[in-house]
């Protein structure tokens, strides 16, 4: 599903965020990505969702070599990936329902079918009763759930979450993790990054540990 | 294809709804655009109306031959027969000095004008209708006729109409210039409106890009916004000029009446209206496209 082959990412200014990384994630797998801030976790996730391009090496996602795709084709790759952003990227000028509707608008769903899917996604994350609420009225955990609902509403094959449990207390973080596990159980490939490893160890899944742009044992 | 049309229909609808939902903001830019369009339109209609009128005047140009005061009946008969056989003359009427004087009295209500005068100061005259309306031919004919014996002057009635034509031409050039200048203004105004909108919706654009919106998806609502705005502005400008014509026409008619003329400003024909609306839509969309291309590149997904 996801395959990195000797991938290096160097930002302008010479900083090497990723050094010669190779790994693969199978379809339907749930994998954690661990490491301190600045270890390269976010860069790795951005390479998968086509928000950054590798300096060298190849990044394969769902059979597409992202390094070889033209810039105008990257949006279509992104449409098949669900991303939970570290800073949520919620739009505060519209209510919960319309926030979750956005990906379906982009893909161009029929309105009625789209509304049905939005409600299903909100139901899944436990926000069904708040579809008319403006996001500013939601708690931090609820905003996180809103972001997850938006990431899964178009039923992507790959779900990526960048530090979804940061800033949440442990009970809430566990709730969120359970949510991701439920998506994994219906066949979605899930990749979650976190700097707190204790949360991951309970799940017995594969953990990729990054340090200064390289994997450690 | 159906899907593609659906996306367009959806953006068009949302864009129109957005304009209607912000009546004050939309009205301001709408007013700016429609006034910018009403100016050259009014000038165009004025110039075209004058051109129609001048055209009617010069449709039947006539040459008036004034005889010398000392011309005798024999001289008049000689000119008359020369005109009859002239190949470039279609027809003619003779107006005697006596008839001319009575006409003048009647037309201007100057009864008793002759009493104050020492005889009749007016000359005998022929009004000649030429066979050809071609300007060169007319000039040649005028020269020939003025060479006839005892003819004082051959006056070309439409020579002042020619001068009017020149002014109409100037008006046309002015219209084109104004239309061009205000077309640029239209592009710039829409460019600015759309730029402000893009800046106001920066977050939405950024997030949309992050979750897979193509450039055309992001651009589309702005282009449709401009399209509607251009179309509405064109319609308002049409209304403005129609109103202007309705107000101005009675005054113009009254003024023309003083000269025994019927002059009227005309409105836009359906074809002209379609052309104006088409241009408005095209220019507005162009302005939006330029703004979108310039500013959307700055709102990067990264």
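Cβ coordinates are placed from backbone N, Cα and C, and glycine is handled just like the others.
Sequence annotations record features per position, and here TrEMBL assigns transmembrane segment to B:27-47, B:174-194, B:226-253, B:273-292. The domain 'FtsX extracellular' annotation in TrEMBL covers B:62-153. Look at TrEMBL and you will find B:177-288 tagged as domain 'ABC3 transporter permease C-terminal'.
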Mind pulling out the one from B:174-194, B:226-253, B:273-292 with the most Cβ pairs under 8 angstroms to the transmembrane segment (B:27-47)? B:226-253
Residue counts for the domain 'ABC3 transporter permease C-terminal' (B:177-288) under DSSP, helix then strand then coil, are 95 helix, 0 strand, 17 coil
Integer mean pLDDT for the domain 'FtsX extracellular' (B:62-153): 80
